[in-house]
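J.: So that we are looking at the same thing, I have put the structure below in structure tokens.
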């Protein structure tokens with residue numbers, strides 16, 4: 001798994017400015033950002049009485065939504081600076097050092113959520129991660145992933161061409177360098193693990209996959 005800690009330690013202080021801004025290269029990626037976070041919460045409303053694990057807490061924006069709506073949350077975040085900011089926002093939430101392939105928590109969960117983070121794993125690591133997360137999830141529990149994904153090769157090609165035409169070169173480099181998958185590649189992993197799933201499109205980049213353990 002690639003080590004992005006230095007990058008995110010540097011980005012931590014300006015991350016919220018990026019996601020909430022309406023005038024930067026990433027504006028369309030984070031379009032309907034709050035709606036996306038709320039949609040994740042909505043997807044696990046039936047699991048509110050259980051325990052929720054959030055991976056890739058970042059600065060705690062999704063965590064804050066979950067806490068305000070009464071969820072019991074444990075957060076995982078590898079970046080020291082991101083953890084610091086999230087803990088300042090949410091001092092009562094347990095946020096520990098870890099990542100998708102290393103969860104130092106001896107508990108099981110009724111829901112596992114992640115937003116704008118799963119793309120840091122390559123496809124093989126995603127397979128390993130979902131298999132690993134399955135071991136922490138109670139029967140009928142849910143895994144919810146919100147991230148940039150592509151519905152087809154043609155859609156990806158057209159989107160990258162548009163980004164290049166718009167001269168959004170930082171975004172273009174990000175889209176090429178990180179591991180943004182085709183939706184079917186991720187849903188196939190869930191199918192092999194015996195999960196049912198739903199898919200929702202939030203903007204031209206971001207989709208939400210909500211997968212239920214034992215749903216098949």
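Count begins at 1; order follows the chain as displayed.
Using the three backbone atoms N, Cα and C, a Cβ is placed for every residue, glycine included.
Marked as S-adenosyl-L-methionine binding site by Swiss-Prot on the basis of sequence analysis: 56, 77.
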J.: Can you count the other CB atoms that lie within 10 A of the CB of residue 56 (S-adenosyl-L-methionine binding site)?
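T.: Its Cβ has 24 other Cβ atoms within 10 Å.
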J.: Who sits close to residue 77 (S-adenosyl-L-methionine binding site): which same-chain residues at least 6 apart have their Cβ under 8 Å from its Cβ?
T.: 56, 57, 58, 83, 86, 95, 96, 97, 98
J.: Tell me, by DSSP, whether residue 56 (S-adenosyl-L-methionine binding site) is helix, strand or coil?
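T.: SS state of residue 56 (S-adenosyl-L-methionine binding site) = coil.
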